[in-house]
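Lifted from TrEMBL, the feature list:
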type	residues	note
REPEAT	237-271	repeat 'PPR'
REPEAT	272-306	repeat 'PPR'
REPEAT	307-341	repeat 'PPR'
REPEAT	342-376	repeat 'PPR'
REPEAT	412-446	repeat 'PPR'
REPEAT	517-551	repeat 'PPR'
REPEAT	552-586	repeat 'PPR'
REPEAT	657-691	repeat 'PPR'
REPEAT	692-726	repeat 'PPR'
REPEAT	762-796	repeat 'PPR'
REPEAT	848-882	repeat 'PPR'
REPEAT	883-917	repeat 'PPR'
Amino acid sequence: MRRWRPSSSTSHLFASSQRPFSSSAAAVAVSIETPSPPTSHILSEVSCILNRRSWHRSNVLRKLVPSLTGHHVSELLKGLSSDPKKALSFFRWMDGRPDYRHTVESHATLIRILLKSKFCINVFKLVVSMIKSSASAEDVRRALSTIRAVRRCVSGRRRFGVSFEPSLWLYNSMLKLVTSFKMIGEMKDVFRHMLEDEIFPDLLAYNTIIKAYCDGGNLSEAKKCLKDLVNAGLRPDTFTCNSLILGLCVNLDVDKACWIFLMMPENGCSRNIFSYTILIQGLCRKNQVNEAFVLFSNMKNDGCSPNIHTYTVLINGLCKEGKLEVAEKLLNEMPSRGLSPNTVTYNTLIDGYCKLGKIDTALGIIDLMESNGCKSDAYTYSTMINCLCKEHRLVDAETMLHIGIKNGLKLNAIVYTSLIDGYSKKRSANDATRVLNLMKSNSCKPDIYTYSTLIDCLCKDDKLDDAQIWLDMALREGLVPNVVTYSPLVYGYCRKGKMKAALEVIELMESNECKPNTWMYNLLIQGFCQSKHVHKAMALLTKMRNVGLSPNLLTYSLLIHGQCNEGQIECAFRLLKLVEDGGFVPDLYIYSVLIGALCKNGETESALSLFNSLNDKGIQANTVMYSELIDGLCKSGKIEIAQSLIENMLSEECLPDVYTYSSLIDGLCKENRFVESLSVLEDMLQKGVMPTAATYTILIDDRLKRGEYEHAKTLFGQMRSKGCQPNVFTYTVFIRFYCSQGQMDDAENIVMEMKKEAVSPDLTTYTILIDGYGNLGLMDEAFSLLKQLLGSNCQLDHGVYFTILKHLSRRKLGKVGSDEVVDVWKLVEMDTVLELFDEMIKHGCTLDIICYNSIISGFCKVERIEEAKILFSQMKERGLNPNEDTYTFLISSCCNLKLYNEASSLINSMFECGYLPHINSCKLLITGLCNEGMLNEAKLRFLGILEMGYNLDEIVWKIVIDGVLKEGGHVNVCSEMRAIMQEKRCCIIPQTFDFLIESLALEVNEEVNLNGP
């Protein structure tokens, strides 16, 4: 089993010095210790003593006896195998020691030594003694194996000096032994050997077998045995009937059990306490507690008095029915019957109260229990701790845990896991970790559920590295993590945008034969879509299908959202077609995403058209969808249509929310209709919709942009008087105003107020302040702010570097404070960029990948590829590895400049570095090659792309249809690419094939219309 990045050299040592083994084997291998020198010394010393004639008189040997185990004696007997007489004498001498007890192993070793010798002895007593020493199923198997060896050598007559005569009593003892360990297969073997030895089973033998079958609910075999019993001339007795009642109750066939119970007297079988108790328990398991109570009341008719077990099973049944008061009355009745409730009885009632959440009552039962001299056991503590955790009383739960440990109880993994789970739900990762360490220190081995619970807690607390360590530990201990174990790590990494780490967890899962499910693939797809790598999300869609998983509606919803976020609206509608054809019904969320994307792209007419079609699809628009559309219309200046939609909302009893009204206010402000925006604000308040900080910020920002500072301050005061606290955007609009006026002291005062109110400045805030200081030529202050920005949690972009470079360029040209608008990326000189780097280093700012990418992207946007390439080389010299964004900027610029060979080389380098190039980069390259008539190169590159791991349908959609066909108009090349895919047996879904045919037909028709028939 693969582990998570082994952190110690031990694992490497094992890998190199031992043969390969599974994790479970590894765990065993690590835990096995070679015999310690003292043990070897003891065996050596005893062997020397046994070589003496007077060994049995040795005081040293007597002193060593307490240190000897059955295994030691077995090894010593093997050393005496050439002298069976001495071996037997030593065995008997050890048997007489009060501080030693023989094991099956020591018995078996002696018997096999005697079998191989000509020593004259009957081994019957040794066999009986061996049977009695069996303490585990493994012991039983070893004993049976030895008995089989005896049967092979001697069968009722002397051979090699050893004799053995099996008896009915011996076989009954063997049957009793194997059934006590529920070893049904071995029971059948013993019974077969019994018949082979011509020893006829008696009623005890049949009853033992019938009871074993009934315990396991195997009534068909029990009935066969009952038939054999009758055919043997024997009559079933009370024990037989009780066993059958038990078997029927195990199978919940209480009616037949009752019938046998009623017929017992007629068949000469008297009912006893066990008959009643078994049937009462069966009735309680079938939720027939009233009938069980009647049976309990009738026990005296058969001269039976209930015992502790009878009371306990009835109390348990009453507790399960929630009849705790009746159960407690029964408990209080027991002493008057001369019975003292035991721990099991009390635990039953405690468990009942805990399940009802009556913890204090349960604690009262514990006090009663202990006052009556009955000690709480591990089950008592387990029940109480679990209940306390469910009620979120974690301090009490942990206190009880420590009391249990102090009392010497061996609490199991479930108890500790309950507490860990409680802390996990409370998001107390440190406490959860502490409990697991406590668990280990008390020799309680965590199971995979324990580790899974802690890993989930750590991931929720963003302690992903710690979660990895515990996952690694679980694997080292030979545990098998499941989907529940891995999921929190995958989710945590996806939420943080660390998709490489998330994929490593998936790889680890698969290497440990744990298959990710659809939900986990959806997590990855969501993560890639949020980081604007929808091409990777689409590739996962292919992988899902390849491993036999079916995408669900959520899968497609995430992909549609991802395509929309990258502006690929047409591809989003193609996915919508897959949803419809796949038997799914697109929901409100999908249509909201599509309408929002159309609005953001300025396609409000299409958004309205789609919105108006929803009624026919059975989709009822909600507030979120209306608000998305209203926001888009307002941003497009279509205020009247937006207002009419709000009226529609009200008529449909779909109430506008604060986001709806805020969008309308924003639109009105942009149209310089401020008075109307205030009317909307008043209307909101009258309708009970409380404005948010965002609503007021829109109004304040409008006033400040129009120079109405006092009005803005009035609105700010009104905002606070309404109990609405300013947010970072509110403060930032004031900072922008002060910076534009050169009032940097006032701007800094706002920053101080933000910090006082625990509102952290964002990237926009910092950029505005940097710009303000730059306008005044105060570059030291600007760089000081840049350093603060780099130390914050803000994700930098090219905007902040654009701002600084703008001011460095102006300073160089002597235009500090100039309002002249220039495109910095077109005019900035390379030495100014180097000056930026020098100043950053001087002010303690780190030159990182984001810094280089920001400036490279700026140069690439204005097609200054040579400068971008210089920075690309320089960043590598500094030990910074280019990432996907770096390559994508350069590839796009090269394609725009028709430097297709360089673009192709960059794509190759990117792939070699383990990055999957953005599919848009491939589209630019192949379409560009086709446009330049480099058709062979285009087809060769297309062949390579087919094998890079993209979703084949997305290749057709974006490269073939949207690129080669629609942008390039290369109908023939498009057909050839389709043929290449067919030749390479690249399977695309039928809908993609239809999209391609339709697009080809449209393009051909356009060519005909342009060029004539």
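In case you wondered, yes, glycine gets a Cβ from its N, Cα and C as well.
Look at the repeat 'PPR' (552-586): DSSP puts its residues at 26 helix, 0 strand, 9 coil. Residues in the repeat 'PPR' (657-691) partition by DSSP class (helix H, G, I; strand E, B; coil) as 26 helix, 0 strand, 9 coil. Non-local neighbours of the repeat 'PPR' (272-306) in the same chain are 238, 241-242, 245-246, 248-249, 252, 254, 257-258, 261, 264, 313-314, 316-318, 320-321, 323, 337, 339; each lies 6+ residues outside the stretch with a CB under 8 Å from one of its CB atoms. Each residue of the repeat 'PPR' (762-796) gets a DSSP state, and the totals for helix, strand and coil are 25 helix, 0 strand, 10 coil.
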